[in-house]
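*Asks:* Okay, here's the structure, questions in a sec.
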Amino acid sequence: MKKILVIGSYNVGLSVIGDKIPSLGETIMGSRFDMGPGGKGSNQALALARLGADLKFMCCIGDDTFGKDALALFKKENLATDAVKVIDDCHTGVGLILIDNKGHNAIGVVAGANSHLTIADLHANKQLFEEADFLLIQLENNLDVVEEAIRIGHSTNTTVVFNPAPAQAIKPEILALVDYITPNETEASIISGIAVTDLESAYAAADALISKGSKNVIITLAECGSILLSQDKKQHFPAKKVKSIDSTGAGDAFNGGLVYALSTNQPIEDAIDFASKVAALAVTKIGTVAGLPTLTEVNNFNS
């Protein structure tokens, strides 16, 4: 099995579930509270671990109770902690999540220890890049760190999968170093400058990213599935039909599933179908990590 390096964030997710997401200045009474591990990097790493991937996770956590909980979780999920750095006198990252009765969500994040991952940390762990066949990275760490990680991954001939979330402007020279970019519709709109509202505009946004240097663009479109666009491929993948309870970690589950499938030498079309199954199963339970499926569950999935 090929080796994977995930670089990203670890946050604790504090979720309030209610009938709707409140408007500006509005207070609502929730029906349920949930607290659990989150952060895009951690979610994606745990998705891979749950599937049985061979991976390492590089992140920073605080020297608080949440940080201790993170280490215990990683041990339980057989996720190696060699590159997990504990930051003294700093709180672990926190995400505040509001979820409505249809499973839609709004999220606010305070980076905390995540902002302490440095370029020096990357170079100190360069061997992990050299050993990895795939690098999976997001945008919840400092932008200069993410850019340097992509440069190192490219220089070590590691296949770079970039989930540009939360979205911000990305230099074309960085996009050109990425093998697969996986924004959702909102992120694709911001990065491409084209509002994604349907399949036609999604392809237009993907084409704009290709023109900026991207090689393979995969845009996830929630209930509308996902699309793939590259120089020689163009395909729409319908969403798998499930009852969504909590969509918070759907994108992270998709990315974990995608990289797992690619690491097992599946063609990109099959990898996206596999990732769609992982994401579909993930939204059927409350709690991001609780919903992450095992390989057996994915293989037994029938939409």
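Cβ coordinates come from backbone N, Cα and C, glycine included.
Predicted automatically and left uncurated, TrEMBL annotations should be read as such.
According to TrEMBL, the protein carries these features:
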ACT_SITE  D252  active site, proton acceptor
BINDING   G39, K40, G41, S42, N43, E140, D252  substrate binding site
BINDING   N184, G251, D252  ATP binding site
BINDING   D246, T248, A282, K285, G287  K(+) binding site
DOMAIN    1-294  domain 'Carbohydrate kinase PfkB'
*Asks:* On the three-state reduction of DSSP, what should I expect for K40 (substrate binding site)?
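*Replies:* In three-state terms, K40 (substrate binding site) counts as helix.
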*Asks:* Assuming the binding residues for substrate are exactly those in the record, G39, K40, G41, S42, N43, E140, D252, what is the maximum CA-CA distance in angstrom, rounded?
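*Replies:* Farthest Cα pair among residues binding substrate: 13 Å.
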*Asks:* Would you kindly give the Cα-Cα distance separating G41 (substrate binding site) and G251 (ATP binding site), rounded to the nearest Å?
*Replies:* 11
*Asks:* Which of the three DSSP-derived classes (helix, strand, coil) applies to D246 (K(+) binding site)?
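*Replies:* In three-state terms, D246 (K(+) binding site) counts as coil.
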*Asks:* Determine, using Cα-Cα distances only, which of these recorded positions is closest to S42 (substrate binding site): N184, D246, D252, K285, G287.
*Replies:* D252
*Asks:* Spatially speaking, which of the binding-site residues G39, G41, E140 is closest to T248 (K(+) binding site)? Use C-alpha to C-alpha, please.
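*Replies:* Out of the listed candidates, the nearest Cα belongs to G39.
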*Asks:* Taking Cα atoms as reference points, rank the recorded positions D246, D252, A282, K285, G287 by distance from N43 (substrate binding site) and give the first.
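*Replies:* Its closest listed neighbour, by Cα, is D252.
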*Asks:* Out of N184, D246, D252, point to the one nearest G39 (substrate binding site) in space (Cα versus Cα); all of them are recorded positions in the record.
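*Replies:* Comparing Cα positions, the closest of these recorded positions turns out to be D252.
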*Asks:* Taking Cα atoms as reference points, which of the recorded positions N184, D246, D252, A282 is nearest to K40 (substrate binding site)?
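*Replies:* The answer is D252.
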*Asks:* Can you tell me the mean pLDDT for the domain 'Carbohydrate kinase PfkB' (1-294)?
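*Replies:* Its mean pLDDT is 95.
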*Asks:* Sort the recorded positions N184, D246, D252, A282, G287 by C-alpha distance from G41 (substrate binding site) and give me just the closest.
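*Replies:* Nearest in space to G41 (substrate binding site), counting only the recorded positions, is D252.
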*Asks:* For K285 (K(+) binding site), what residues in its own chain, 6 or more apart in sequence, show a Cβ-Cβ distance under 8 Å?
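*Replies:* Result: I245, D246, G291.
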